[in-house]
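One structure below.
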Amino acid sequence: MNDNPIESLNEIKSMMQRSSKFTSISGWSGVWVGFIGMIAACVAYFFILNESVNYRGKVSDLITNETDCKLFILGIITFIIACLGGFYFMIRKSTNDGVKFISPVTKRILQKFLFVLVVGGLVSLIFIKNFSFAYVAPTTLLFYGLALYTVERDTIIEIKYLAFLEIILGLLAFYFIFNGLLFWFIGFGLLHVIFGIIMIRKYDNKA
């Protein structure tokens, strides 16, 4: 037991925060997800570019059944690899912090986050079914941002800022509808790397 009242209060505050929030989000998770997102966006661009030498960003004019299949498989592989790496770094940080990764807080976060994400995925599938491919990128960005916003009270403050930026990018992608892949690259790739580096400096490197 600490004899210093102020330090004791700080310890109690820290324990209460840990029990009500999930703070063991590793910046390396963000960097990992970001790099995987950027690589996937570049591969998707390559698939689409090969469809026409006159590519001008109008994805909906170029997608064929074969390319559609490739992009769908790419999306699934990207999601799996990004999640595996992201969870690995978060579990590692939780272990280092002495915090259980599976807890009522993380279960609550996953339930809220996945609910919005699944709805966004279903909306995207509807667009794909109706060959409205240009709307997929902005839809995924928008719903991803909304999913992040639903859990911002349960985790670190940076998630709130990331949520706002993803939502803004999603709305811009709807406005500049044929530049969705560029916004996807920025939102799922570049932003995650930047926020990951910020979190590494702020949280991961703390002694």
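Using N, Cα and C of the backbone, Cβ positions are placed for all residues, glycine too.
Annotated in TrEMBL:
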TRANSMEM  25-48  transmembrane segment
TRANSMEM  71-91  transmembrane segment
TRANSMEM  112-128  transmembrane segment
TRANSMEM  159-177  transmembrane segment
TRANSMEM  183-200  transmembrane segment
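183-200 is the stretch from 25-48, 112-128, 183-200 with the greatest number of Cβ pairs below 8 Å to the transmembrane segment (159-177). Within the chain carrying the transmembrane segment (25-48), a Cβ under 8 angstroms from the stretch's Cβ atoms is held by residues 55, 59, 62-63, 67, 70-71, 74-75, 78, 81-82, 85-87, 89-90, 92-93, 155-156, 159, 181, 184-185, 187-204, all 6 or more beyond its ends.
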